[in-house]
Amino acid sequence: MYKLRMWSNSSSPSFLLTGFPGLEATHHWISIFFFFIYISVLFGNGTLLLLIKEDHSLHEPMYFFLAMLAATDLGMTLTTMPTVLGVLWLDHREIGSAACFSQAYFIHSLSFVESGVLLIMAYDRFIAICNPLRYTCILTNTRIMKIGLAVLMRGFVSVVPPIMPLYFFPYCHSHLLSHAFCLHQDVIKLACADTTFNRLYPVVLVVFIFVLDSLIILISYVLILKTVLSVASREGRAKAFNTCVSHICCVLVFFVTVIGLSLIHRFGKQVPHIVHLTVSYVYFLFPPLMNPIIYSVKTKQIRNGILHRFTTRRTGT
């Protein structure tokens, strides 16, 4: 059982992280699974970044955006997994307020950044298929940098308003969080103050980012499908559509987990807490794990680059 500590009107408390309640005896075994996921995410996304950096044939807009996706996934994993493994391995549950709020900031910011990266990747595919003759003119290196910077700014700036008040709220409840990492919606439940803004602003933010991004991506693929179907040859249609398969899979992986997490929080009040925990971990770990696998399997240039790199190293040794 967790030892609950009580604070009285403290504005800079410590919080207690939660592992898997009722399964404390198996935390070390569970940690093996999470450590395997952690290493796989670091290896997969790190390999993608290294390959795109060193292989000049991959210095194209599509792969620059893929590098942004891999970097975002790495950031998400590096932000969440240290406290998760700390709880499971070392039973280190206490986290200071500054560290907790910073972790929440990066978790939510990177989620919005990933949504934005998937959106600009859809834009990239839209230009490549619907306006191929002007592709290099539209997606110049300067424009790519501006688009990437805009996505980063949108993600990191938009989350500041709900995170900043957390530093000033008094906390007078048990300070026991429901995950092994800090989330804004978790912390705000423990505040003893008027949290109306912090409850309403994230809803508006989710609508304007997740919902709007997914809608624009859907419209992009409707237009892409219309263009692909207008191609006369079957081979041409297959080739055009094949360039989108990897991105479509990543979009589905991300937004299906987002929808699942939203539904379980909104309508799953009677669902066991272990289900909430499982869905949360799936949301934070499944996309970073799957995205490198999807692109390695579905994208010929990435697959050939990885095979060439490893076969070259073996030959060299």
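Cβ atoms here come from the backbone N, Cα and C positions, even for glycine.
Residues annotated as transmembrane segment in TrEMBL: 29-51 (among others).
Per TrEMBL, the feature domain 'G-protein coupled receptors family 1 profile' maps to 44-295.
Annotation comment: TrEMBL describes 63-85 (among others) as transmembrane segment. Same-chain residues lying 6+ beyond the ends of the transmembrane segment (63-85) with a Cβ under 8 Å from its Cβ atoms: 17, 31, 34-35, 38, 41-42, 45-46, 48-49, 52-53, 95, 103, 106-107, 110-111, 113-114, 117-118, 120-121, 124, 144, 148, 151, 180-182, 250, 284-285, 287-288, 291-292, 295, 301-302.
Annotated transmembrane segment per TrEMBL: 105-123 (among others), in sequence order.
Below 8 angstroms of C-beta separation, residues 11-12, 61, 64-65, 68, 97-98, 101, 104-105, 108-113, 116-117, 119-120, 123, 184, 187-188, 191, 197-198, 201-202, 205, 209 of the same chain, each at least six residues beyond the ends of the transmembrane segment (144-168), sit close to that stretch. The transmembrane segment annotation in TrEMBL covers 144-168 (among others).
What TrEMBL records for 200-224 (among others) is transmembrane segment.
Taken from TrEMBL, the feature transmembrane segment covers 245-268 (among others). Long-range Cβ contacts of the transmembrane segment (245-268) within its own chain (Cβ-Cβ under 8 Å, at least 6 residues beyond either end) map to 69, 114-115, 118, 121-122, 125, 185, 206, 210, 214, 217, 221, 275-276, 279-280, 282-283, 286-287, 290-291, 294-295, 298-299.
Residues 20-22, 34, 37, 40-41, 44-45, 47-48, 69-70, 73-74, 76-77, 80, 107, 114, 178-179, 181, 246, 249-250, 253-254, 257-258, 260-261, 264-265, 268 of the same chain, all 6+ positions outside the transmembrane segment (274-294), place their C-beta atoms under 8 angstroms from a C-beta of that stretch. According to TrEMBL, the feature transmembrane segment maps to 274-294 (among others).
With a threshold of 8 Å between CB atoms, the same-chain residues lying at least 6 positions outside the transmembrane segment (29-51) that come near it are 19-20, 23, 58, 66-67, 70-71, 73-74, 77, 81, 84-85, 88-89, 285, 288-289, 291-293, 295-296, 302, 305-306, 309.
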